[in-house]
Each structure stands twice: as C-alpha cells, then as structure tokens.
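Novice: Quick one: structure below, then a few questions.
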Ligand SMILES: Cc1cc2nc3c(=O)[nH]c(=O)nc-3n(C[C@H](O)[C@H](O)[C@H](O)COP(=O)(O)O)c2cc1C
C-alpha cells in the first residue's frame, strides 16, 4: 500500500465540494494512510462530523477552544503529529486567512502552527478563483511553500457555470498526496509516455462511419495519472465527448490510420499504453459522396479491409518503448485471448477486461481488469476507472524503479 503508515491531517473547509472529501478519506485509507479530520464551522454546513468521523475512524476536531480536545491532543500537537496537512476543499476564505497569517479558528491556527508540508485543493466559483485578491493570496502561499492540486476546469456543482474552480477529483488529490509524501519526487519525471484512448471512426461515406462504444474514460484517466507522476504525456485520442485532460499534449484523430501515424510520429518514448478501441476493420473504399438510397435496387454492400495493428506495430518497432502495455477488450475466454495477444503483439503487459454487455464496462465508469504479464496474472477488484488508472500508473512507476 502506497501510503502505508502515513498520517494525514485533513482540513475540510466550507465549500460545496466538501461532499467529495468523504470519498477522499475512503481512498486515502484504502491506500494505508490514517486520516485525522479537522472541520471548519463552514464545512459543517455542508457535511456532518458524524459522516467524516465514521469514514476516517477517528475523532473529528472542530473547535479551537474545546477543553476536552485541548487536554487530549492540543492544537499544536494536531499541527505537528502528521506527515502532511491536506486541505480539501480549500475555500477562498481559508486561503486568504492563510496568506495573511490569521488564526481565528482551529483550522487556520493549525495551518499557522504546523511545520509539516501543506497541500491545498482549492474549490470555488470561477469568479472567486479569478479574483485579484485570490490570485494574490495563492501567489503568496506558493511563495511560502504551500503546494496546490487543482482547481480544475469544469462545471460548478451549484451554479452550472463553467470555468476554473472545480476541486480536483479525489483520485487526483490522492496522487498529489503520494507525490508530496515521496519527497515531492515525481517517479516518472523525464519519461515520455504515449497513450491512445477512445474509439476510432472509420468512414463509410462523408456522413456515416463504423464506430464502437468506447468512451475514452479509461485511456484519458491513465494519461492523467501518468502526467501526475511526472511523465511527459502525449495522448492520441479518438473521437470522444469527454474533455481533454490538463497538462499533456493531446492529438485528436478519427481513423485508425491517423491514430497509427500520430503514435509513430510521437516515438521515441519510454512508455506506450495502447488503450484505444481501434476498429479492426475499415471500409475498403469509403465513398466521397453520400451513398444514396435507391428504392427497389439492391442494397449497397460494404467491403471491409483490415486496419493497421497499432499495438503490434509499436511492440515490434525499432524504436520500441521500454514498456509496452496493451488493452484487450474481450467478451469470451478473456484470459487465454489476452495471453495470446501478449505474445503476438510483442507487449510486456496486457490489461484484459471482459466487455460483455452485462459488465457495463464499455462506455461505463467502472472496470474490472486482469493484469497479464509473461510471468503471471493479477486480478484487480471492481474499481472506478480513475482508480484503475492510478494503480496502473503506480505499477508503471514501480517498473521503472526496478530498472
Ligand atoms: C451554498 C454555498 C456554497 C459555497 N461554496 C463555496 C466554495 O465552493 N468555495 C468557497 O471558497 N466558498 C464557498 N462558499 C462560501 C464559504 O462557505 C464562506 O466563505 C465561508 O465563510 C467559508 O468558511 P471556512 O473557510 O471557514 O470554511 C459557499 C457558500 C455557500 C452558501
């Protein structure tokens, strides 16, 4: 477990994103960390200390002037008896207090008294984040050595406005915590990774195409997780409706041929993770004009031809990346098909998943994968696709650590 034995003091302040802190606590504990929660009065307007305490399995500290808490632990010890102070969500108000050294409640007092690293995950309305005062405060805090994760672009929970201000997702915060606790070193710094993601669209004519149900969620999440570990990521994305992840070079393609060209142009690289659901076939000669319907005449037939095998091309390339990982979406004999694919494609790892309709994996948000290597198989539990991504990125980092 990546965070085994690590003690995190989690300060929750009063933003709408506080509900995500519950998931964050669960994820931190799943990775072996202990979480000691502190809530501002504002935070308690959004979620209850009961829920936070139950998930953290610890007492929730809320009051600076609690005689009992002061006797039991004391605010100075709270501030120091941890490996990291994490603020999620961090409100504009709390950032302003920190920047100015105010200490008028338990959270701000701890933040002034601590000598531990501090990581903040701001969350606020985009106008608040863009305000000159917040910008000034964040600038000052960065100068004071406070680290930040997010905020991200996206739609705000309460107002529906879009812009920068959404709190980083819990899995992104966990990745930032891991990085911070491992001496701030990014284990994949200096490594170049190429990721493919999403489906391909193979044209039949100018308005029709052959596609598949891939959403790009898994590939995009892997690209983000690798970027979070410091990799220089090129994401080659088929047509998807999800936004481009931040902090990487994104190339948009439609057809398998374009995807292959983009991947080869991005070589050399250290890591290739081929997640895209590339169409096996394309129409042999797509029509330049829309194919018309002629009532009474025979139906048009589509002659298919094979698409390039991108994984195999990369796996046998003269500039083959050190680590080549492919995905196998199967609906039957998942493990034996994936094992055959491992050999045939020249890959180091195949991540196999059962995409039978009943699993809901294709196009869904969760995934249950098997990691198939030349020397063994590992079944991972049913996980959020973001968590599969974080785990896979950690596995890749481990691989490079071993040399
Ligand atoms: C419905 C609602 C949602 C809010 N969401 C946020 C938010 O996301 N970020 C933020 O900085 N402030 C937000 N606020 C304002 C803070 O709650 C307010 O500034 C409060 O004083 C923060 O206290 P704290 O920093 O001590 O927790 C929100 C207020 C309301 C009423």
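Here the Cβ of each residue, glycine as well, is placed from N, Cα and C on the backbone.
According to TrEMBL:
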| type | residues | note |
| --- | --- | --- |
| BINDING | 280, 290, 308, 309, 310, 311, 327, 341, 345 | CTP binding site |
| DOMAIN | 6-178 | domain 'Flavoprotein' |
| DOMAIN | 188-398 | domain 'DNA/pantothenate metabolism flavoprotein C-terminal' |
| REGION | 1-192 | region 'Phosphopantothenoylcysteine decarboxylase' |
| REGION | 193-403 | region 'Phosphopantothenate--cysteine ligase' |
Novice: Give me the long-range Cβ neighbours of residue 327 (CTP binding site): same chain, 6+ apart, Cβ under 8 Å, in sequence order.
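Specialist: Result: 218, 274, 275, 350, 351, 352, 353.
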Novice: Would you mind giving the whole-number mean pLDDT across the domain 'Flavoprotein' (6-178)?
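Specialist: Per the prediction, mean pLDDT sits at 92 for the domain 'Flavoprotein' (6-178).
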Novice: If you count the C-beta atoms lying within 10 Å of each candidate's C-beta, which of the binding-site residues 280, 308, 310, 345 ends up with the smallest number?
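Specialist: 280, out of the binding-site residues 280, 308, 310, 345, has the fewest neighbouring Cβ atoms within 10 Å.
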Novice: Over the residue list 280, 290, 308, 309, 310, 311, 327, 341, 345, recorded for CTP, what is the maximum interresidue Cα distance in Å?
Specialist: 37
